[in-house]
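Below you'll find the structure, written out as structure tokens, and then a few comments.
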Amino acid sequence: MFITLLLLAFALSLVFVPESQAYVVRTYALVATLLTMWAVTWLWWTFDASGHGLQMLVILGRSHIAFGIDGVALSLMLLTSVLFPICMLLLRSVAGFMTFILLEVLILGALCVLDLLGFYILFEASLILLFLLIGRAPYGSLEAAYKIVLYTMAGSLVLLPTLFMIYSECGTTNVLYMTCASNHQTVLGWGLLAVLAVKIPLMPVHLWLPEAHVAAPTAGSVLLAGVLLKLGGIGFLRFMLPVVPEFCVSVFPLVATLCLVSFLFSTLSTLRQIDLKKIVAYSSIAHMSLVTLAIFSQSEFSVYSSSFMMIAHGLISPALFMIVGILYDRAHTKFILYFSGLGASMPIGSTLFFLFTLGNLAFPLFPNFIAEILCLVSIFAVHELLAYVFCVCQVLGAAYGFWAFNRVVHGMPRGPSDVTRTEFNSVLPLLIGTVWLGLKPMA
């Protein structure tokens, strides 16, 4: 919490710094995010992994607002602290550094808070910064920015009155003390499902994600795919399953149908895309639909499989967005029709693209393979036919992955220059994490 307050103070101090000092601010911002990563690593080192409850609880007096971490939240906090130094290397303006440091404060708070209203406030506060990031002039898109606001606010307006009703009857929205929430499981359950389905996202409230990725800068896409989508997953695991368990059981057929349709629609849509960012964005929708279904299966491995899938996706998908950003910096386009023969002009970049493409389509020895196997095991435990359908549909993921790779890397050489040392070093931590997570179960 102390590091978070220091980050907040540093972000607010950047208001008075002129844009001409952006290079100096980058150094300080990088040091601040690295200190945060060191603090979270220390939490991970001292965390008792043998326990299954909340640890390091901090309760703020009579307000009932509490903070604590469990295994899933700590894993996502570690992922967040790793991604933000990489984002600092990709930014070029003081306003960008201030926006991203404020986002880190909000995300770390949302991962630690145990109060449902506090989670809602931190959850929605990040929307303001996302709006500024996506709608920035002249490179952003106001249409995409308004679309994410409208989709998120539609779900939020369903949840907020429900939270007020729960607070009026229980006197708190802290999950540690919400003993009377079981009397309103249906109302609260629909409110949570409405807002979290937008954030994760599921069909038919997923259309904001591809547009947001296209309009966002590379650092914004890295953050959106790596961390912000996972807030929906932690919301399901921390708030929805423990608070409204009976509703989760009753709504499983509907959620399973939405996840299956989301998976099929996103993978089939990917085969028709010509924008590289949209291809990676639609693949994220497919992966997060599998995460959601594994969570709602509530089997023996559901929590472990879904959290492992979120971590694996949080390493591989940002790396793919970084590679697309490298191509955009050179060619000033993301359309796949303008790329050909990058294997000859960008051997190192093509090798990175190949490795992360294999990881994205769940090739063996990559963490996505282990995560998808665990998710399918969780689904098999509750619905065999649904698991068989998902197994067959994995072929579509391989189809769009290899199609995009072959179209970009092979053919007549007309591509840009290879990656620089700085760009390679920016992607290297994600590559190391991917290889480590993929080989760790074999140790």
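Easy rule for this one: first residue shown is 1, then count along the chain.
The backbone N, Cα and C atoms fix where each Cβ goes, glycine too.
Small disclaimer: the values here were computed from a predicted structure and weren't measured.
Features reported for this protein in TrEMBL:
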| type | residues | note |
| --- | --- | --- |
| SIGNAL | 1-22 | signal peptide |
| TRANSMEM | 28-47 | transmembrane segment |
| TRANSMEM | 67-91 | transmembrane segment |
| TRANSMEM | 97-123 | transmembrane segment |
| DOMAIN | 115-394 | domain 'NADH:quinone oxidoreductase/Mrp antiporter transmembrane' |
| TRANSMEM | 144-167 | transmembrane segment |
| TRANSMEM | 187-209 | transmembrane segment |
| TRANSMEM | 221-241 | transmembrane segment |
| TRANSMEM | 279-296 | transmembrane segment |
| TRANSMEM | 308-328 | transmembrane segment |
| TRANSMEM | 335-355 | transmembrane segment |
| TRANSMEM | 361-380 | transmembrane segment |
| TRANSMEM | 385-403 | transmembrane segment |
| TRANSMEM | 423-439 | transmembrane segment |
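Segment contact holds for the transmembrane segment (97-123) and the transmembrane segment (28-47), given three or more CB pairs below 8 angstroms at sequence separation of 6 or more.
In summary, the transmembrane segment (279-296) lies against the transmembrane segment (361-380): three or more C-beta pairs, each 6 or more positions apart in sequence, are under 8 Å. Contact between the transmembrane segment (67-91) and the transmembrane segment (361-380) is not supported, since fewer than 3 Cβ pairs fall under 8 Å when only residues 6 or more apart in sequence are counted. Highlighted: of the candidate stretches 187-209, 221-241, 308-328, 361-380, 423-439, 187-209 has the greatest count of Cβ pairs under 8 Å to the transmembrane segment (144-167).
Beyond the ends of the transmembrane segment (361-380), by six or more residues, the same chain brings 287, 290-291, 293-294, 297, 299-302, 304-306, 308-309, 311-313, 315-316, 386-387, 390-391, 394, 397-398, 401-402, 434, 437-439, 441 to within a C-beta distance below 8 angstroms of the stretch.
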